[in-house]
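Here's the structure, in structure tokens; my notes come after.
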Amino acid sequence: MTSYENHQALHGLTLGKSTDYRDVYDASLLQPVPRSLNRDPLGLRADALPFHGADIWTMYELSWLNRNGLPQVAIGQVEINATSVNLVESKSFKLYLNSFNQTQFESLEAVRETLERDLRACAQGDVSVTLRRLEDVEGEPVARFSGDCIDNQDINITDYEFDAALLSGAAGEETVEETLVSHLLKSNCLITHQPDWGSVQIHYRGPKICREKLLRYLVSFRHHNEFHEQCVERIFNDITRFCQPEQLSVYARYTRRGGLDINPWRSNGDFTPATGRLARQ
């Protein structure tokens, strides 16, 4: 259990509770979660964050009505800057998107502007929204994370409780720049404890990281309860603390739930995330 799992800021969330689905636009359905909940225990201050980054959401189930009442569909991408005061709780995001279903909008741009305005208000920070028609997306190939996959190691694991100390002694003598990938990241929703499945890409320059120790550390998230964004910041913080790289970027792409996938990245260098969906997305 995290130190803030029962924090009062989480008590009012619809997540984990029976809710009615509304199909008429309602911005009040969006619910914020303060980023400070997990940052404070990690010693991360909003005015001195050791990283920059964003939470990239893909919206696969977005529909509304045009002025003639004809349903419209699009696929959207949302980028919420990591400097925002809040992250957006995912079930509330899903309920909010459902409220577009029977609402008329003048145009695709009107939908985009509405999404951007409401999400900025909820996150209290910079948000950008891009919408694409299906014909602009069809035929795009499934992407893959570049880098060396560390998953096929012949090691025994019997403990699946989170332990940052598994990274202790992981930094070697040799200085390298490399990209490591694992598809074995699995954590659990902070509230419902439903499993969240993800792939993670770690690019760094600095003391060479022991791949066995890194894999054991990533697998230890298996029983850990935290939101996607919080897990990525924890990974960034722990690798920084134990391995002290000169430069570090951590990027995770999670499988979708409720028509949404969440793909957070954090970096202290020059990093541009590839946004193509992976095989499990």
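Glycine is treated like the rest: Cβ placed from N, Cα and C.
Per Swiss-Prot, the feature substrate binding site maps to Val88, Glu89, Ser90, His228, Glu229. For Val88 (substrate binding site), applying a Cβ distance below 8 Å and a minimum sequence separation of six or more within one chain yields Leu30, Gln31, Pro32, Val33, Asp55, Trp57, Ile80, Leu119, Cys122, Ala123.
Every protein chain shown contributes to the tally, and the Cβ of Ser90 (substrate binding site) ends up with 22 other Cβ atoms within 10 Å. The NADPH binding site annotation in Swiss-Prot covers Ser90, Lys91, Arg257, Gly258.
The annotation active site, thioimide intermediate is assigned in Swiss-Prot to Cys189.
Among the features that Swiss-Prot reports, active site, proton donor is placed at Asp196, with the record citing sequence analysis. For Asp196 (active site, proton donor), the number of other Cβ atoms no farther than 10 Å from its own Cβ, over all displayed protein chains, is 24. Under DSSP, Asp196 (active site, proton donor) is assigned to a strand (E or B) in the three-state scheme.
Apart from Val88, Glu89, Ser90, His228, Glu229, the substrate site neighbourhood in this chain, defined by C-beta within 8 angstroms of the site C-beta centre, holds Val33, Asp55, Leu87, Phe93, Phe227, Ile262. Cα distances from Cys189 (active site, thioimide intermediate) to the binding-site residues Glu89, Ser90, His228, Arg257 are smallest for His228. For the pair Arg257 (NADPH binding site) and Ser90 (substrate binding site), the Cα-Cα distance reads 9 Å.
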